[in-house]
Amino acid sequence: MVIQWYPGHMAKAKREVTEQLKKVDVVFELVDARIPFSSRNPMIDEVIQQKPRVVIFNKKDMANLKEMEKWYAFFRDKGAYPVAVDAKHGKGLKNVEAAAIEATREKFEREKAKGLKPRAIRAMIVGIPNVGKSTLINKLANRAIAQTGNKPGVTKQQQWIKVGKSLQLLDTPGILWPKFEDQLIGKKLSLTGAIKDSIVHLDEVAIYGLEFLIEHDYEALLAHFKIDVPRDAEMLTWFDAIGRKRGLLQRGNEVDYEAVIEALIYDIRNAKIGTYCFDLYSEWQAETDA
Ligand code: G4P
């Protein structure tokens, strides 16, 4: 999905989502499990405030489970309930309802004490583009409801979908903007396909991805491309090796670097080499401590 964000646009999206939140008991904040920090809207805490929150790590099929679990602590500290799903293949969906029940337990106990009748928990999904909001809604509803390519904010015509025994979900998600400002976050968003390629330099994205793999999964990188390159080789040596092995050449038998960049990004983005979390909890912690 391609969305252009302007300041007025962002303010409107924030206003609309804030308005919709009044209708629900719990918010499902959807993040990409490969970048649980970088795929958050920068103002999300301000938008959600004290509302009970389930943080859904989507695309867990492409993420590193151990690293993901470290991020759970980060969200638990905020009083949120983290769960991981793979919306595309319908994995882990039951955990969503269970977490919603946990997150709203106190609220419903208060209602019960006041003599209010039991009712379904109302929830809505909020997240940046391409984290899988529509895919998750459709899977939870068990049919095609949400369309990809919605406008930012919240689309007007809305209905509640019944999910499991105790949940009602708004059929349209709240769409908020990602963190554009930070260069490194921009590269991570591009590498995972969350933002449109044209707003970042793809060569920098490919180099970032390659450096990450050299540091964290060197052997798998060599095996994947069937190359043999020393760990400390220049970037150009890596690009040449990949290009020649894959036959990505142009006139004069020169390596076609654009094709190499594309191949690298494609393979990392689609977890062809391995499953990773590009947001490292230890790095975030060190930065915060500093
Ligand atoms: P959005 O509403 O938040 O904008 O995201 P959307 O559901 O449109 O999903 C964006 C892309 O992410 C889609 O891929 C979708 O299939 C994929 N996706 C969503 N959830 C998961 C998941 O848990 N695992 C994996 N591996 N992929 C997921 P696409 O390439 O745009 O479409 P398609 O090729 O799947 O049709």
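Even glycines carry a Cβ here, placed using N, Cα and C.
On a predicted model such as this, the values are computed, not experimentally measured, just so you know.
The annotation domain 'CP-type G' is assigned in TrEMBL to 14-178.
Cβ neighbour count for SER134 (GTP binding site) (all protein chains, 10 Å cutoff from its Cβ): 23. Look at TrEMBL and you will find ASN58, LYS59, LYS60, ASP61, ASN130, VAL131, GLY132, LYS133, SER134, THR135, GLY174 tagged as GTP binding site.
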Farthest-apart CA atoms of ASN58, LYS59, LYS60, ASP61, ASN130, VAL131, GLY132, LYS133, SER134, THR135, GLY174, residues recorded for GTP, distance in Å: 24
Three-class DSSP secondary structure - LYS60 (GTP binding site): helix
Where GLY174 (GTP binding site) falls in three-state DSSP terms: strand
For LYS60 (GTP binding site), the number of other Cβ atoms found within 10 Å of its own Cβ: 22
Candidates ASN58, ASN130: member of the binding-site residues with the richest Cβ shell (10 Å): ASN58
